Each structure stands twice: as structure tokens, then as C-alpha cells.
Amino acid sequence: MEPELAAQKQPRPRRRSRRASGLSTEGATGPSADTSGSELDGRCSLRRGSSFTFLTPGPNWDFTLKRKRREKDDDVVSLSSLDLKEPSNKRVRPLARVTSLANLISPVRNGAVRRFGQTIQSFTLRGDHRSPASAQKFSSRSTVPTPAKRRSSALWSEMLDITMKESLTTREIRRQEAIYEMSRGEQDLIEDLKLARKAYHDPMLKLSIMSEEELTHIFGDLDSYIPLHEDLLTRIGEATKPDGTVEQIGHILVSWLPRLNAYRGYCSNQLAAKALLDQKKQDPRVQDFLQRCLESPFSRKLDLWSFLDIPRSRLVKYPLLLKEILKHTPKEHPDVQLLEDAILIIQGVLSDINLKKGESECQYYIDKLEYLDEKQRDPRIEASKVLLCHGELRSKSGHKLYIFLFQDILVLTRPVTRNERHSYQVYRQPIPVQELVLEDLQDGDVRMGGSFRGAFSNSEKAKNIFRIRFHDPSPAQSHTLQANDVFHKQQWFNCIRAAIAPFQSAGSPPELQGLPELHEECEGNHPSARKLTAQRRASTVSSVTQVEVDENAYRCGSGMQMAEDSKSLKTHQTQPGIRRARDKALSGGKRKETLV
């Protein structure tokens, strides 16, 4: 019986604590097969009773004072007890310094590989059991963007010696700061032009992201303008004294500013260049390249078009810079007259550039027009050289319309896209300006939207609406248009009213010449007050005497009868309408000025 009991208790010493493992090898591994039961009982009895000398325990007693582990815990191995040290000569790179694999993939033409590279960035290794705080720490460290490169914004007075600064007046310091701002702006412009060539044009040409013809169309002759601005910078540098001051700059500007006419071709091509660039951005390779450049420090968080538009924005700053220099120049200074001449020169240059750009923009949109019917073609459209206004409005049915107001005709279109080419489909018949009638509609006069449910709903009525139509209702055409807000409505009113004013003032009835103006006290004796008054009289008469006929009536079969009825109503309502307008004008009340 005793040998069987000893055999059953044989694996128990294995489950003892580590303190018990310090015994002899024989005690730790258990007795051998030839060990007798009496020897085992004696040894175990002495070990168990060594901690308690006041009694002699039996063979079934266990005083290890340790919890008993379950049988399934015997096979559990703790990683903390293993020696996992790396070799001392192994190179280990910290995880935070490992670059994303997607960033290491160079731009390729294969779309599948490119999508793979984009997908890698969204992977998350869930086997990492770090705490959320540590994970957030690593992610924030790896996603910190590279800081953008900033330019020095130091003023001229900050770089001046203290003793020199005390010897100059406040006005002279401000004059020198204005001159320094002009020279510093020229330096920044030169750097941006070189950067556009080096960081955008040349890499895209080398990587075949765009063809040479496309790049020439987008960038233009950007390189030819770098020597132009370097020449001005050199002249200002030669005129600068050792102490950093510039005595005279007027003669330099008078001789240099006319050379800015070289920008006429570049500015005229900007609209077409912007359209081509937007079209090429649909190419994933182009978009990926531009996005990489945008995230680089050299771009200063500016996209490619911002660099291409810098010359135009620089041109419009020259008058402001010259006026600032003139403002702080003493009247007895020889630069006064020269600066005034320079301001006139730059204004003339900008006027010529704007005229050329307007003609190019006008022709660009004319080429984008598509006609559904040959009757829509009008020779006044092809002969247009000036585009007065253009933009998006909504029709009465809620559809988006794009309106072009040329100097002689107004064209309503619908934007369409065919084969990735944007164009404008002419909608209805174009309206010549001399036949155009503009009507102001108050908020809520017309319900917008063509749905059946909207006709019976109590929804908010339309705002910022007006109506345009033919003066002769025989073409059976009228358009109720809605602007986005009051500001855009006012802009459209001013533009359309200025276009139709010469025709309305010439054809105004003689009996309406005595109609007083609503705000005569605001006009005074201004030279253009009479012309403006005549325009407002004609437009006011048109808004007062016209009867609002629903535009759907023009499309029905009885259009001629409706026109005759409207004419009869006009004859009966003309005199009362004029009388009411005259009474309100003479009352002197706080009445808002009518837009039309």
C-alpha cells in the first residue's frame, strides 16, 4: 500500500515553489525507480517537518504554504522568464523612424500597384498590444507634417543701425520701408518663378506626367519674365547707398514699368491654362505629383496655380506700392513728379492687359457655346469683344443656368460635359441688349420650383429673384431668375442695368422727364448725376408701368392676345403708377432705393 501511495505522490514535488527547487537534483526531479518506499517516506517527512519542529507530520500532510496550480497551468510558459535578448551586433531601427511603405513606392503608371500603395496606408496592425496612449504617441509622431518654409518678414527699420535710425525722420523711415517692400517683393517673385520651373515644370516633363505641349500651354513664357524683374532688382540695388537708404527711385520706375506690357500674352492665356490644369488633375499621376509637392516644405502650402497666378497678383500691387512711396515722399522731393508719372504708366499698362485679357476670355466662352438650333446663332455673339458679366443663376423650375452678358446680347446656357470637355448649351433664344427688359421681383412674389408637391406646400417663398424678357412679347420668351443672395442679385442688376441704360435713356417717353429722383440729396451737383438720373428714371418707369405676366402665358397659343391685353392694361395704369411714384418721392420718407 505504501509503495502505491508513494507512486501517486511522485509528481507533487514538481509543483512546488521555486524556493523548493533549490534542493538536490534528486529531490527536484523525484525519486528513481529503484528507490524504496521507506526512504521516500523518511525524506519527505523530514522536508515537510523542517519548518515545524513541534510536531511530526504524516506522509499525507503538505505544508508548502503555496497555492495549488491547476493541471492545465503546467504547460503555460511565461515570456518574462525567457531570455529574448537580441545579438549585440544587430542593427535595430526604431519603429517611429520607419517610413510608411506607401511613401517609399515611387509613382508608377500601373493603376493596380498605385491602389495597393494607397491601401497600405489604411492598414492597422492589431497584434500590437500597446496601450492606447502609447499607440497615439507613435501615430502622432509619425504623422506630423513637415513644417512649411517661411520667408523673412523683417522690416527695413528692424535691420537699421540704432544711430542711423535716430538720424532719420519717421516719414523718411516709412518711405524707405515702402521702397524696401518693393525690392523684397521682386526678390520673392523671382524665387517663385524659378521654383515653378524647377519643382513643377521640369519634373513633370522628365517623368512624362504631361506632354511638352501641355506644359507650355499651362506655364507659358514664365522663364522670360525672370530677367525682367532681375533688372529692376539690380537697378534698385545700384541706387542703394551703403547705409541702406535709396535717395531716388522715380526715374528707375518710369523707365522700367512700360516693359510690363510683356505680360499681356501671359494674362490673356490664364483662363485657358487654368481650364487645362483642372482637366489634367483628373489624371491620378498628375494629382499624386501635385499633392506630394503641396505637402513638401518648399511649396509653403501653395498649390501649383498659386505659383502660376503670382505674376498677375504682383501686377495689381504695383499701383499700391507706388502710391505708398509717394505718400511718404516730401513734396519738395524730386521723386514726386516722377512717381505720379509712374502711377499713370502702370495704370495704362494694367488697362491694356485687362482689355486683352477680356477679349481672350470673351472668345474662350464663345468657343464653348453649343447651339441646338441654328436659329439661336446671332452674329452679335461672334462679334463680341467684351464679356460684361457671367455666372450661375437658377430658373423658375430650379434648374441651373449659366448666363453670359456680352456688350450687345445676353445668352442663357446650360453647362454640359461631353467626353470630358466642358461646354455651354444655349438655352432658348438669346436676347439682344437693346430689346432686353429687366424687372425687379420682391421676395415672395413668385414660387420657385417646378414640382407638383411644391405648388401646394407652405414652404418659404423665393428670394433674390428678378425677371428678364424681350421688350416685344412676340418672341414669347420670359425668364424668372434667382441669385444665391442679395449681393449677387445686386451685382447682376448693376451689370444688366448698365448694359441696357443707353437704349432706355434714348427711348424714354417725354411725359416722364419730370419724374423726381428718389434720393436727390445724395446726388448733389455731381457731373454724372444727370446721366445717372436719366438711367434711373428709365429703369424706374419700366418697373412701375410693366404688368407682370406669367412667363408660361408667353408659351401658350394665345400669346398675341395676351400681349394686346397687357398693352391695354399698361395704358390704363401708366398715369396712376407715375402718380404713386411721384407721391412717394416727394413724401421724403425712409424708402429704400429701387434696384431697377
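Using N, Cα and C of the backbone, Cβ positions are placed for all residues, glycine too.
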Annotated residue, phosphoserine, per Swiss-Prot; candidates SER32, SER88, SER587: SER32
The annotated motif 'Nuclear localization signal' range in Swiss-Prot, which must be one of 66-72, 570-576: 66-72
Stated Swiss-Prot location of region 'Disordered', expressed as one of 127-146, 507-526: 127-146
Candidate set SER21, SER38, SER568, annotation phosphoserine, source Swiss-Prot, matching residue: SER21
Integer mean pLDDT for the motif 'Nuclear localization signal' (66-72): 53
